[in-house]
Structure formats: structure tokens, C-alpha cells
Amino acid sequence: MAAPLAQAGLCVHRNSKLVIKKLEQLCLQRSFAVSSALSQHAADSKPGSAEEIVIPKKKTWDKLAVLQALSSTVNRDPTAAHYMFQDDPYLTPRTSTEFKIYSLSLESGRSAAKYIVNSYPKYFQKDYAEPHIPCLMPQAVEPLIEDVSEAALAERIQLRKVVAAIDLYDQLLQAGTAVSIEVTNDLLDLICFYGDADPKQSEEPEKEAEEVDETPKKPGRGSRKAADLIGRVWRQNNNAERIFKLMPEKNSRAYCALIRGMVKYGAFAKAFETYTDMLNNRLSADVHTFNALIRAAPEIRELYSERWELVLETLKHMEQQKVRPNLLTFNAVLKSLRLCGGLGKSQALTTLGEMKALGIKPSLATYHHILSIFYRAAATYRNPNKIMSEVIDELSGKSFTVCDPDDVLFFSNAMRVCLDLKDMELGYRLHACVEEGDNCQLLGEHYQKSIYYGRFFNLLCMMENVDIVLKWYRELIPSLYFPNSNGLRDLLQALDTDNRLELIPEIWKDIKQLGHANKESLVEEVLALMARDKHSPEVQQSFADCALAVKQVYEQGDGGRTVMNWTNSALGNITSILLAANRTQQAWTMLQLFKKHNRVPAEALLEDFVSSAQSTSSPQLAVQLVQLSHSFSLPVTARLAHRVAQEFQLSEAQKKTVSTLEASESSESSDSESSDSDSDSDTESSKK
């Protein structure tokens with residue numbers, strides 16, 4: 001008894017150090033946070049330390065925190081349309097065009113309801129919402145102050161009534177009432193921002209743009225054609241310039257508003273003239289005005305070097321006036337470098353380095369301009385993937401918010417670069433950036449999203465095998481992307497490359513659902529791929545069913561769309577597909593449509609038809625085929641008649657018919673040859 005106990009004690013003694021060490025490590029792991037807090041508390045409690053740990057009594061959450069948490073638990077349904085169409089399944093879009101129409105209809109309905117509520121607020125005073133929701137209540141859209149006073153002018157400025165504010169300002173001046181400099185500046189800001197006219201309402205028709213000036217000017221010298229601008233342009237001696245001239249004291253704010261308005265509406269040269277006048281009056285501009293001037297610099301110079309010199313001069317003025325540049329300043333510089341030719345590549349990275357040196361974080365628009373400078377269309381590059389790879393390295397794992405209006409252009413432009421480089425790895429990395437956080441919101445409007453996903457899908461079809469392409473196809477369509485006919489054509493080419501043409505009938509159903517069954521080039525490519533090669537009997541039967549569905553679209557149209565016209569290739573391919581599936585009777589029916597639609601069948605198709613008739617032992621069908629060929633006056637008729645007579649067991653009546661057709665065709669061909677020889681001899685005699 002004592003021996004085992006002694007042995008156990010000896011083992012414990014030997015291993016005691018190891019056990020104690022293990023226990024200490026376990027205690028350290030469990031009490032790491034506590035010990036850190038205690039050490040921090042000890043450090044803070046030292047004499048001379050003013051910092052104290054303040055434990056908040058409650059956590060302040062964002063108003064959308066609960067909704068965001070719930071949203072993170074639900075994944076996107078790739079088979080469903082956009083969430084905005086969930087209320088009315090009848091209006092679920094099938095095509096990109098329908099998406100645009102239906103979404104605009106929804107927005108138009110909201111705008112109409114908002115217009116009614118704001119126009120007749122007295123009928124909508126009952127507040128049913130608990131708690132109160134201010135944005136659902138009627139907004140004041142009509143002025144309440146009717147007298148001619150500065151307060152009435154300020155009210156109209158607040159309500160963005162541009163024309164009414166200008167009229168009231170003129171009335172005040174005519175009455176001899178002085179308008180304060182602050183209200184005058186507000187009025188000038190309003191006029192310059194909205195272009196000397198009331199803001200365009202959604203229910204108002206879009207008016208044609210007016211000319212900048214009646215005097216013709218050279219392109220790039222301070223004016224643009226009205227067709228190049230969206231909406232309004234800067235008119236000569238408009239109300240903004242008139243009110244500016246009437247101001248007794250012109251301050252920096254007035255000059256800045258006028259310059260920004262001129263740049264916004266295309267009067268670039270006049271903006272620089274106004275800036276020069278501002279400098280002569282010893283006034284300083286703000287950063288937003290400098291940003292506008294930098295954007296306008298390439299528009300008033302023709303040579304690339306002169307454009308860049310003007311940008312540098314503007315930046316020097318910023319430094320002299322001690323105006324600190326912001327993100328939009330550097331983005332404006334990079335945007336101007338896009339119009340400076342080869343100077344862009346040499347100065348873009350320097351500008352980006354200066355931007356980071358000032359502690360300004362680049363936005364997506366910054367990288368958009370960088371890519372536009374280094375990756376121009378139809379250009380060759382020494383190390384093409386370097387810049388793009390470095391840009392994606394900068395973006396990986398980051399979530400962005402909109403800081404520049406051009407931010408929404410980055411992803412579609414970056415995917416264009418990946419497509420031009422034919423680099424699938426870069427494409428995947430870029431798409432991972434899109435799926436990071438809320439970056440998908442920066443894809444832009446629906447048109448920009450379609451461009452991005454269209455280029456991504458095109459890259460997939462070009463570089464990946466068909467199984468991966470189909471995986472992405474089911475993932476993107478229709479929840480994120482409605483492919484156009486070019487996208488579906490890329491998919492068909494991917495199926496052809498990997499020899500997976502048996503999937504064409506399934507793709508045809510998607511083509512119909514997506515509203516592209518009336519695109520002749522796409523439909524004919526579907527038929528050509530099915531008719532080109534021979535396949536197993538099961539595949540040929542599915543091809544035949546698909547071909548008959550295409551025939552129905554040609555005859556009846558697709559959902560009220562324009563009915564397509566039959567072509568030789570469409571008729572011939574459908575007939576060949578039906579023959580390959582041993583549907584001879586249906587193929588013969590298709591052959592009759594050639595005559596009906598004034599089309600001529602190909603000789604190879606008639607040869608295939610004879611072979612099909614031979615395999616099914618149908619001499620009568622073969623004779624009818626020779627008669628049909630004779631009715632078209634085809635040169636192959638004699639050869640077909642001879643083949644039918646040699647390879648088929650014909651009755652006496654059928655032999656007589658075939659021999660008659662063969663003799664008739666032979667005589668016609670000999671007559672044509674003799675007439676050709678006579679014409680040749682006549683030509684030679686006339687020459688002599």
C-alpha cells in the first residue's frame with residue numbers, strides 16, 4: 001500500500017513544475033482582458049495622469065441599425081427581380097427596357113402623389129402616423145408673404161422660385177427699396193445654380209437647350225454646342241450677370257457664385273474672365289470655385305501643354321491665396337489630365353502622391369480618372385496589369401461612400417479595363433470589391449449597372465469554362481442583370497466553344513423570357529448552332545422541339561412584338577434540324593414555306609432531303625421533292641431526278657414523271673448553253 005503511494009508522490013513531485021506552468025498559462029489566457037484593464041487602471045491612477053476611463057451608461061445606435069441587422073440575415077434571391085417590384089408581381093420586369101419603364105412608372109406615381117399633396121395641403125392635414133413623420137406631411141411650396149418686401153424675396157429664394165424671386169427683386173429696386181447684401185448673394189446663388197430658370201419638375205417636358213451666344217466661336221474657346229450640354233446653358237447678359245452688375249458692393253461670394261454658374265453651364269472663357277476681374281479687385285476665391293476653374297481649364301486651351309500650364313497656374317493661385325485643396329480639387333486635376341494627352345501619364349501618379357501626402361483619401365472617382373488616363377481604348381501597354389492590380393489592392397476590403405459625383409463611374413470603367421486586358425483574376429477581384437459592404441450601391445443607376453454586369457459576363461464567357469459561366473448566369477440573372485442580345489450571343493459562343501450545344505433549348509426559353517425572341521440575328525445564330533452538327537437522337541429531338549418553338553415565334557410573334565420576316569437561312573436551318581430528328585413530314589411542311597415567302601432552298605438542303613427520303617423508303621416524297629426543285633427552276637433538278645431514278649424503286653408513273661422532269665431540265669440547260677454560245681459569237685462578230 002505504501003509503495004504505490006510513494007510512487008505517486010514521486011511522480012507528482014517530478015511533474016509539479018510542469019503542472020504549475022500549465023495552470024499559469026491557463027489563468028493568463030482567461031484573465032488577459034481583466035489584467036489589461038487592471039494595468040490600464042493602474043497606469044491611469046498614477047499621479048499626474050488626467051485621463052479617466054468613462055464607461056457609457058447606454059449605447060447610442062443608428063436609427064437604421066435594427067433594419068441593417070435584419071437585412072444582413074437575408075441573402076439575395078437570384079431568381080427574383082428587384083425588391084421594388086415585389087408589391088405588384090404583374091409589373092415584374094423581364095428585360096432592361098421593362099425595368100426602366102416600370103421603375104420610372106413607380107417614381108412617376110410617387111412624384112404625382114407628392115405633387116397633389118403639396119399643391120392641396122389643406123386636404124392632407126390629418127396625421128395618422130405615430131410617431132409623427134415630417135416627410136409625409138405636405139410641404140410648403142407656395143409663398144405665404146404677398147407684399148413686396150425683402151422677407152417675401154427671402155421666402156421665394158427658400159422655396160427655389162427663381163423667376164418669381166427675380167421679378168420681386170426687380171420690383172424692390174424699382175420701388176427704391178435697398179436689398180441687403182446677404183439676400184442678394186442668396187438670390188445670385190439660386191440663379192447660378194439653376195441656370196436662370198425655375199428648377200425642372202418631373203412632370204414638366206424637357207425643353208430644348210438654348211445657344212450660349214449668337215456669335216459663333218471656335219470649339220474649345222469657352223463655348224459648347226447646345227447638343228453637347230444637358231438642359232440649360234449660360235446665356236449672354238442673363239439675369240445673374242445683370243444682378244451682379246447692379247450690386248453696389250461685389251464681394252467674394254458673388255464672384256464665386258457667378259464663376260461656378262458659368263462653368264456649370266458651359267461659359268468657360270467667361271468664367272476665367274470673371275476670375276481675372278475678381279483678382280483685380282483683390283478678392284479671394286474659395287476651394288469650390290478653384291475646383292470649377294480647374295475643370296474648365298482644358299476647355300479653353302487647344303494644346304495639351306497649355307492646358308496643363310493653366311491647371312498649374314490655377315493651383316499656384318490657390319497656394320497664394322492660402323486655400324487648402326480638398327478631394328474634389330485633386331479629382332478635378334486628374335479629370336483635366338485625361339484631356340492632356342501624354343502629359344496625363346507623367347503627372348497622374350505625382351498628383352496622386354501629392355494627394356496622399358496632404359492626408360486626403362482618394363475616392364472611387366480618383367481611381368476612375370487614373371484608369372481612364374492609363375487605359376485608353378485601342379492602346380497598347382508595356383506592363384498592362386500593373387496599374388490595375390495596384391488600384392484593386394488599394395480597394396480590397398474597403399467600403400466606400402459617395403464623395404464625388406463621378407464615383408459611380410469607377411466600377412464599370414474598371415471592368416472595361418479587365419475586359420480589355422482579358423484578365424479573369426482581376427475581374428474576380430474587382431467583383432469582390434463590389435460585394436464588399438455597401439459598395440454595390442456605387443454601381444450607379446440601372447444603366448451603369450447593366451454596363452458593369454454586361455462587361456463582367458462578357459469576360460466570363462470569354463475566359464471561363466461553360467460550367468462556371470452558367471453558375472454566374474444563374475446567379476446574376478434576373479436579380480441583378482438583364483442581358484441584352486450581345487450578352488446572350490456571348491453565352492451561345494461559350495456553349496459552342498465547350499461543345500455544350502445540348503443546352504441551347506434551355507437558353508432559348510430564357511431568350512423568350514427576357515424578350516429577345518424578336519432579334520433576328522440572335523435567333524438565326526441559335527438555329528445555325530443547332531443545325532450545324534449531328535448529335536445524339538435525344539439531343540436532336542430537343543433541338544427539333546426548340547426549332548418548332550422558333551417557327552411559332554416567326555409566325556405569331558412574341559408577346560405582341562413585331563413579327564420577324566422569314567429568311568433563307570432560318571427556313572433552311574429549321575428544315576435541317578427537323579430532318580436530323582427524322583421528322584420528315586414537319587420538314588416537308590417547312591419546305592413548302594419557301595414557296596410561300598418567295599425564298600429559294602439551298603441545293604445541299606434538297607440533297608439532305610433526298611437522303612432522308614431514302615432512309616425512310618419514301619419514293620413518293622422523293623418524286624415530290626424533284627417536282628418542287630423543278631418549280632424553283634434550280635440547276636440541281638436534273639441531278640436530283642437522276643439520283644431518284646437510280647436509288648429508289650419507282651412505279652411506272654413515278655418513273656415517267658421523273659424522266660420527264662429530267663429531260664425537261666436537260667433541254668432547258670442545253671438551250672441556255674446554246675443561247676449563251678450564240679450571244680458570245682455575236683459579241684465577237686460585232687467586235688470584228
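Start at 1 and count along the chain as shown; that gives each residue its number.
Cβ coordinates are placed from backbone N, Cα and C, and glycine is handled just like the others.
Unlike curated entries, TrEMBL annotations are predicted automatically.
Feature annotations, courtesy of TrEMBL:
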COMPBIAS  652-663  compositional bias 'Polar residues'
COMPBIAS  668-688  compositional bias 'Acidic residues'
REGION    199-224  region 'Disordered'
REGION    652-688  region 'Disordered'
REPEAT    251-285  repeat 'PPR'
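A Cβ distance under 8 Å defines the sequence-distant neighbours of the repeat 'PPR' (251-285), meaning residues of its chain 6+ beyond its ends; these are 181, 184-185, 188-189, 191-193, 195, 212, 221-224, 229, 232-234, 240-241, 244, 292-293, 295-296, 299-300, 317, 321, 323.
Counting residues 6+ beyond its ends, the compositional bias 'Polar residues' (652-663) has Cβ neighbours under 8 Å at 619-620, 623, 626-627, 630, 637-638, 641-642, 644-645 in the same chain. Taken together, the residues in the repeat 'PPR' (251-285) have a mean pLDDT of 94 on the 0 to 100 scale.
Residues of the compositional bias 'Polar residues' (652-663) grouped by DSSP class, helix first, strand second and coil last, total 12 helix, 0 strand, 0 coil.
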